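Asks: Take a look at the following structure, please.
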Amino acid sequence: NHNPECIVNEPLGTDIVSPPVCGNELLEVGEECDCGTPENCQNECCDAATCKLKSGSQCGHGDCCEQCKFSKSGTECRESMSECDPAEHCSGQCSECPADVFHKNGQPCLDNYGYCYNGNCPIMYHQCYALWGADVYEAEDSCFESNKKGNYYYGYCRKENGKKIPCAPEDVKCGRLYCKDNSPGQNGPC
């Protein structure tokens, strides 16, 4: 798996291959909760000696667990990070927030100026700004024409067997990114 973001994900109980140990603060197979040792447990929903929920408790942890009960259906548990990443809401039936889902890659966003990609709406202005800072914008359309030629160091859309493949006319902005510096004294188109 080439997904480095997974390192920040809390492991599931089924991911742990050692036998369950009550009191180690890892929710493992067969445990309803695990808040550590009885001396250290600060979870009012969990019986630290048995790693079971206390009587009347529905849950002991999770983004959709409030005061030992499942959060109401529709309670926001993960906010929207962009137009392409809608907020997630509790189901009212479990303590965990649903998986983070994104709009389909390629769906138009920002008033059709960009397209969703992995939960973001990357547009060239934002990319230029991130690379170069304020006063830098997407260059004029004519600057992207070299991406159709395929003979420049960066002027192509992809490589196949080491050969640079030029961009189709409708894809010229999928190759090299051209930004324009609009600060005083800079007047070139690209």
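Backbone N, Cα and C atoms are what each Cβ position is placed from, and that goes for glycine too.
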Asks: Taking C46 as one end of a disulfide recorded in Swiss-Prot, give the other end from among C35, C59.
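Replies: In Swiss-Prot, C46 forms its disulfide bond with C35.
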Asks: Disulfide-wise, see what Swiss-Prot says C65 is paired with, picking from C59, C77.
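Replies: Of the listed candidates, Swiss-Prot names C59 as the partner.
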Asks: C33, C64, C68: which one closes the disulfide with C45 in Swiss-Prot?
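Replies: Checking Swiss-Prot: disulfide partner of C45 resolves to C68.
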Asks: Where Swiss-Prot annotates a disulfide for C90, which of C64, C116, C121 is the other cysteine?
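Replies: That record, Swiss-Prot, gives the partner as C64.
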Asks: Cα distance, C97 (disulfide bond) to C90 (disulfide bond), nearest Å?
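Replies: Spelling it out, the Cα of C90 (disulfide bond) and the Cα of C97 (disulfide bond) are 6 Å apart.
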Asks: Rounded to an integer, what is the Cα-Cα distance in Å between C64 (disulfide bond) and C77 (disulfide bond)?
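Replies: Answer for this pair: 7 Å between alpha carbons.
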Asks: Within the domain 'Disintegrin' (19-105), what mean pLDDT does the predicted structure show?
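Replies: When the pLDDT values over the domain 'Disintegrin' (19-105) are averaged, the result is 95.
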